[in-house]
Amino acid sequence: MSAILETSELPAVFDGVKLAAVAAVLYVIVRCLNLKSPTAPPELIYQDSALARFLLKSCPLLTKEYIPPLIWGKSGHIQTALYGKMGRVRSPHPYGLRKYLTMPDGATATFDLFEPQSEHCIGEDVTMVICPGIANHSEKQYIRTFVDYAQKNGYRCAVLNHLGALPNIELTSPRMFTYGCTWEFGAMVNYIKKTYPQTQLVVVGFSLGGNIVCKYLGESQANQERVLCCVSVCQGYSALRAQETFMQWDHCRRFYNFLMADNMKKIILSHRQVLFGDNMKKPQSLSDADLSKLYTATSLMQIDDNVMRKFHGYSSLKEYYEKESCLQYLHAIYVPLLLVNAADDPLVHESLLSIPRALSEKKENVMHVLPLHGGHLGFFEGSVLFPEPLTWMDKLVVQYANAICQWEKTKPHCSDAEQAMSAQE
């Protein structure tokens, strides 16, 4: 009798274990994918002003819910991973002309120039000058997708190729791009201003590119001449403050750090002959010992300390990060400035977001946009599983630029100097 009871109870026990296991897996999936996280309009931090009110009326995306793909879109990690792995889906192939500029130190800067495919909404000549993310260039899919969309909205686009990033372009001096060097971007902007004397500029920077464009504008008021506005997406604002958070394991930042460092090592090593070979022009502090340390580096900070800072002669990593970050230049930007971050960006620690928040609470020309989801340069949209080719980010940047163009055309005109004095007050 007891044997009969035991055999009848065992299946029930196993069924209970299976049910518990399934429940545990579902719980982990729900937590990891943040399926219970709500969709909402982005948080906006700004000062009440005529410009802000105009933007809220002219940019519906600022006040509309950002709805990511239902199954995975609320996970910042998946958004970031998909961006990093495939860039975008069904990415177009806009046609551009590659331009070459010789820098004073012998380096060859390159950028790609794309002409507009339609008339701009205000009927004028407007050029977007674009700085991509770390080690990126005009051939990256997320850049191609954005450029194609901007062209169709009447913008000429100039996209900087970070020095050393293009695999088919050799370095002509022992220097690569760094975290905040603005030389190549400035050369591209000056070329556009000289070649198209009637054009006005919209400055756009993604991730590391956001740091570079903000630093460039803040370095000199002359750099802001003929600039309508600036948009920075997913930057970290202060490398010095970010380095500590980038070594932490929460939100897998240390793992992302390792992956990005590995990619940087490959790029640097592809130019090892120019950077570490017998070259009289190479930085005296750059030695074979640094090449050995590069092979064993597991973080961006190690690479920056052993290699990147030495291109510009910084004595320490702290000095490099302080001088190359846009933090000390943000207050000097008087053109309209849109700072976009995602609350679930695994690369940008939430403590860094106090920088754009404080700036937008102080300056009338600055607006900080913080959606709940989007990851790092993801911002995919879609109904359930498959994302759309265009992202929320692509649409927002163009929508904001269109609004600023309309604002500049309708508001009373004043000189750049008057605008600067008004912003400083």
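Keep in mind that glycine also has a Cβ here, set from the backbone N, Cα and C atoms.
For reference, TrEMBL has these:
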type: ACT_SITE; residues: S207; note: active site, charge relay system
type: ACT_SITE; residues: D345; note: active site, charge relay system
type: ACT_SITE; residues: H376; note: active site, charge relay system
type: DOMAIN; residues: 127-382; note: domain 'AB hydrolase-1'
Cβ atoms other than its own within 10 Å of the Cβ of D345 (active site, charge relay system), all chains, total 25
Could you work out which of the active-site residues (S207, H376) has its C-beta surrounded by the smallest number of other C-beta atoms within 10 A? S207
In whole Å, how far does the CA atom of D345 (active site, charge relay system) lie from that of S207 (active site, charge relay system)? 11
I'm trying to understand the geometry here, so how far is the Cα atom of S207 (active site, charge relay system) from the Cα atom of H376 (active site, charge relay system), in Å to the nearest whole number? 8
